[in-house]
Amino acid sequence: MEKFDIAMTVFLVMIFLFIFLPIIYMLSNPGDLNQLLDKEVIEAFKTTLLAGAVATLIALIFGIPTGYILARYDFKFKSFVEAVLDLPMAIPHSVIGIIILSFIYGIDIINFIGRYVVDNFWGIVTVYLFVGIPFMVNSIRDGFLSVDEEIEYVSRTLGASKIRTFFEISLPLIKNNIISGIILSFARGISEVGAILIIAYYPKTVPILIYERFMSFGLDASKPISVGMILISIALFALLRMFGRMRGR
């Protein structure tokens, strides 16, 4: 190898180890895993995974038509719309909580929604949806962009309606993008802490419980639950990589 290649490889190894070593150390020193059988921990996992599933389903329902429109149509202010849809990825997490709370209580006609959002399961779903929708929309939009419009055109010239072409031709061709969007949106949602602290501390999600255990009892008390979340994250991104390879074939 040339010196340049060696230098580049050193940077790769350093950044890889920067991420890999702490994770491996954590997994090899998980603390008392019996904590994962604690009723409060089990309930937190149930709440987190269920809220993540509901938010991801809603994101999917809205993400498919949104991604299709962004991929297939040009319209005024399209760039602005795309920028707004991407904003949740750039806004600090705690600020997202303030934004949602301010909107709910700042507009009189929707004040009543507060009782269903603040310290409520649906508040968790709302936050998860807010932070996860950009990943769903972007993945699906990229999928539609990768489908040759000529295929859809041929389908319609052969007598298929636009809606039939959409469901029988376009959607099946982007199934891996849809799955990737689901995984990314779900993973982003269940990892949220800052906005949840402000909107819905209760019922407790896993990240909130980890934060609470750490603040109350220290590092050792938070490690086993953290390991549980790490394993879920690894499983999700293993699936993502698998479907990514399938999409590239």
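Each Cβ is built from the backbone N, Cα and C atoms, and glycine gets one as well.
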Would Swiss-Prot have Lys78 and Arg245 facing the same side of the membrane, if we go by the names of the topological domains it assigns?
yes
Among 178-198, 199-219, find the range that Swiss-Prot records as transmembrane segment.
178-198
Listed stretch, out of 6-26, 49-69, 178-198, 224-244, that has the most CB pairs under 8 angstroms to the transmembrane segment (94-114):
178-198
What residues in the same chain, six or more past the boundaries of the transmembrane segment (178-198), come closer than 8 Å to it by Cβ-Cβ distance?
48-49, 51-53, 55-56, 59-60, 63-64, 92-98, 100-101, 123-124, 127-133, 135-140, 143, 171, 205-208, 211, 229, 232-233, 236-237, 239-240, 243-244, 247
Does the transmembrane segment (49-69) make contact with the transmembrane segment (6-26) through 3 or more Cβ pairs under 8 Å, each pair 6 or more apart in sequence?
no
Six or more residues out from either end of the topological domain 'Extracellular' (27-48), which same-chain residues have a Cβ under 8 Å from its Cβ atoms?
121, 124, 190, 203-209, 220-221, 223-225, 227-228, 230-231
Give me the DSSP three-state residue breakdown of the topological domain 'Extracellular' (199-223), ordered helix, strand, coil.
18 helix, 0 strand, 7 coil
